[in-house]
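Read the structure below first, then the notes.
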């Protein structure tokens with residue numbers, strides 16, 4: 001019987017090896033992808049539990065299946081912890097991803113074809129904020145706002161002007177590659193001025209909001225969406241928050257049965273664990289350290305005239321760098337750094353001139369290295385090594401030196417003890 005196959009390694013050597021190789025890769029790499037992090041063993045244990053066996057369409061106490069008493073407890077814990085952590089009245093923990101959380105919010109607030117104002121992808125927005133290749137751009141009429149060409153920061157007066165000209169039904173605030181504080185109060189004022197809903201996608205900064213190191217959107221947004229990984233350091237999944245009961249009911253209907261069937265209760269359990277971790281006082285220190293590390297790294301790039309630091313700095317967990325003075329494009333920079341076991345992603349920069357498959361920039365984030373215990377000193381050194389590798393990308397001797405020093409760093413800060 002299949003139930004006898006309890007030795008994973010013996011039963012499926014190929015798959016076991018692939019997972020083992022990935023564990024080794026993560027251990028030996030400096031992870032600087034801003035949307036990635038390192039979850040606790042408790043989060044992994046919850047996600048790998050028997051809850052994966054249980055189907056539970058509906059919501060706690062209102063299920064379409066029997067035998068749901070235990071999963072009701074699990075999901076209720078996740079809901080209450082999310083509400084407490086973010087000081088919100090209502091929470092839906094069922095979205096399978098941030099994109100599905102955004103889709104549910106759109107479904108709850110607007111109709112297909114309605115005008116929506118969202119951040120331009122090259123300026124730091126997300127695919128689901130109106131990109132033509134996304135369901136969002138195909139289903140709704142998105143108009144984009146960008147950043148100021150000089151400061152490379154949000155220009156709220158210009159956003160108001162665009163809103164007045166286009167009269168959107170919904171304004172989306174939030175980003176996937178914007179390094180500065182977002183003023184949600186100003187966004188709400190703009191939304192109110194044109195009688196629009198305000199939705200905030202805080203997927204990237206949720207952990208910083210939770211730890212008190214970025215202003216919360218909850219008092220201002222009609223709906224707030226997020227992922228539960230990234231800076232929140234939980235499993236991959238989505239979460240929707242609101243203080244409006246009528247909107248909460250629409251959100252619930254949009255998630256189920258609107259977009260999804262049965263929730264992934266094993267993932268919801270892992271979300272509950274991560275939310276409890278974020279409620280611990282130590283998480284405030286973690287959020288502070290993420291920002292300190294990002295600012296330390298950004299400063300190294302800022303002090304080198306061969307690189308352009310977008311917006312001249314960072315207030316959060318990430319920053320963007322134009323690398324085209326030292327290497328052809330961001331894609332090549334990504335590949336060179338991967339050679340020396342530093343993982344990040346190519347990224348478009350404001351007013352990008354290259355294709356999204358090449359880009360002028362790279363995006364650098366510090367959640368994962370901070371989770372491993374690295375601090376300001378290590379962050380500065382990593383930035384120095386990145387610059388060394390990029391400036392000497394055709395010199396294999398130099399790349400070997402960098403790779404060896406990266407190995408020393410990763411050995412000193414293991415992914416998981418034992």
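Think of each number as a place in line: the chain as shown, counted from 1.
In case you wondered, yes, glycine gets a Cβ from its N, Cα and C as well.
Annotation source Swiss-Prot lists (6S)-5,6,7,8-tetrahydrofolate binding site at 121, 125, 126, 127, 355, 356, 357, citing sequence analysis. The local packing around residue 121 ((6S)-5,6,7,8-tetrahydrofolate binding site), expressed as other Cβ atoms within 10 Å of its Cβ over all shown chains, amounts to 24. DSSP assigns residue 121 ((6S)-5,6,7,8-tetrahydrofolate binding site) to a helical segment in the three-state reduction.
Around residue 230 (N6-(pyridoxal phosphate)lysine), taking its Cβ as the centre, 28 other Cβ atoms fall within 10 Å, counting all chains. Residues or ranges marked as N6-(pyridoxal phosphate)lysine by Swiss-Prot: 230.
Taking all protein chains in view, 26 other C-beta atoms sit within 10 angstroms of the C-beta of residue 229 (site 'Plays an important role in substrate specificity'). Residues annotated as site 'Plays an important role in substrate specificity' in Swiss-Prot: 229.
Taking every protein chain shown into account, 125, 356 are the binding-site residues, and of these the Cβ with the most other Cβ atoms within 10 Å belongs to 125.
If you measure from the Cα atom of residue 127 ((6S)-5,6,7,8-tetrahydrofolate binding site) to that of residue 230 (N6-(pyridoxal phosphate)lysine), you get 17 Å. Around residue 357 ((6S)-5,6,7,8-tetrahydrofolate binding site), the same-chain residues six or more apart in sequence whose CB sits under 8 Å from its CB are 331, listed in sequence order. Largest Cα-to-Cα span within the (6S)-5,6,7,8-tetrahydrofolate-binding set 121, 125, 126, 127, 355, 356, 357: 16 Å.
Counted over every protein chain shown, other Cβ atoms within 10 Å are most numerous around 126 among the binding-site residues 126, 127, 355.
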